[in-house]
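Peer 1: According to Swiss-Prot, the feature region 'Disordered' maps to 97-126, 268-312, 369-396, 410-444, 505-527. Swiss-Prot lists 111-125 with the feature compositional bias 'Acidic residues'. Annotation comment: Swiss-Prot describes 173-200 as zinc finger, evidence class sequence analysis. Per Swiss-Prot, compositional bias 'Basic residues' is recorded for 384-393. Marked as compositional bias 'Basic and acidic residues' by Swiss-Prot: 511-527.
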Amino acid sequence: MDEGTLEAAITAYSAQLQQVESALLAGLDPSQQADLLKLKEDLSQLIELTEASLVSVKKSRLLATLEEDDGLQSLATGTPANGGLDNEFAAFYSEVGEVSGSSSDMREREDEREEEDDGEVEGEVDALSGTKVRAPYRTSWGTLEYHNAMIVGTESCDRNEAQVRVLYVHPTQKSMKPCPFFLEDKCRFADNCRFSHGEVVYVSELREFLESDLTNLQEGSSCLARQDDGIWYSGKITDIDNDFYTVKFDSALLKNVMVEADGVIPPLREDDLPSCSDSEDDDNGEGEAAFPRVLTQEEDWAPSRSSSAFGGWEAHTRGIGSKLMLKMGYEYGKGLGKTSEGRVEPVLAVVLPKGKSLDQCAELTARKTQRKVAKGKDGQQVSRNKRTRKARAHNTGGCHNVFDFLNRKLGNGDANPEAGGTCGPPPSHTPSSQGAGVEAYKGGKSTKRNLNVKLFQAAERVAQTEREIQRLTESLSRRTGRDSSMVTHLEEKLSAARSLLVQQKAQELSAQRENRKADTHKKMTEF
């Protein structure tokens, strides 16, 4: 930039600064006043940077003028301009013993020229301060990324190449976030600071600043959104309402946020990668030739025999596989293989036992198959046996006299059926279940004690569940109207506790009936 442009910029910035100062004197709202104070500070810094750039340009112009004057003066005095005569004079002075003084003068002149060249380079680099660029950033895992940044200063030249220090505008990691105390020279941690003190990069590595275009953002678009910690995280836009964007972050640890337009940008990293859309739009067809193609005629392709859509499982993933295949020339909807008649379903994954050989895995698979077949046959046999028993019970009929009834109730299962009647115990009851039922009905001491313990445990469970229901009810009343998710969770737990209470009360009633039944039998049998 020339002097005129810089002076005009300084004049414009000064006028804007005066307008801001007059607006501050007018007495506005505290919120507006804070914004104006921030704007005033930014304008002051911008004026200082522009003035520094103007001084650098003036220095460069003056140095160039001085060099021209030195050249004209040397021509006027007859001093040779080429280096050959200087060498001859140096040889002559060496012969007469004055070579030391002349060589020192030559070295001084060369040092002065180098200092002037370095000053010009530093002046050009200083003029870049405050410029927005795209700078490289090397992550801890070794990848190279380009992010929007701003030049904040210069560094010592390395390998005859200028270096600058940049601060990233949209930090995506804590190590990229500018240290709030670095610009004020108040940071006490130096290189051990967890925040960024600027990244030193070569000037040749800088790229043009990429402005964020919010017009392409819509619901479902990927984006970068700023969190309260000042770091920009990747996510997707779920809703747009009057320049307010609702963003769902990719990380499950971050909650959905609603940000304004200055808190969301498109994912700028994707533009760094070579896009295949540019090659597809090429009129010369070079993009299509860049990918290997197998089919050249439409009739060579036949529809796939499978009814499932290719890549249907990627509805649950990010779909990186299909994207890579499309970049390699795959045409969507066609099968794999030379004639595009291959499979489109994924190969099912079979998890084999750990530490087993393939022979053992095959044997285990065969055993599972045999068990399934045998289980099916056993099920058919069991159902056939059930039908046979039901038919036999229907043909024999039930008990016909009062003696069979008394024998069955009082536990005389070993009595001869022919002595007391034609019917024994029903075939559906096993002897063990009959003995337990008769023992419970007779009300023996051990059985009575077990019934009492069972009744006590049932009562304790009911009391504990009632206390839990009371606690959940109190907690729900306290949280009503605060946290909807917690209220829903408490309501679910309360409903489950009430269902459990109904079951436990039913068990308690059953235990009470058994206990009363044993007491009744004891009273009827003891005279």
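The backbone N, Cα and C atoms fix where each Cβ goes, and this holds for glycine too.
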Peer 1: Given a Cβ distance threshold of under 8 angstroms, which distant residues of the chain, six or more beyond its ends, lie next to the zinc finger (173-200)?
Peer 2: 135, 137, 139-140, 147, 149, 152-153, 155, 163-167, 229-231
Peer 1: As a quick check of your reading of DSSP, tell me how many residues in the zinc finger (173-200) are helical, how many are strand and how many are coil.
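Peer 2: Helix, strand, coil within the zinc finger (173-200): 6 helix, 4 strand, 18 coil.
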Peer 1: On the 0 to 100 pLDDT scale, where does the zinc finger (173-200) sit on average?
Peer 2: 82
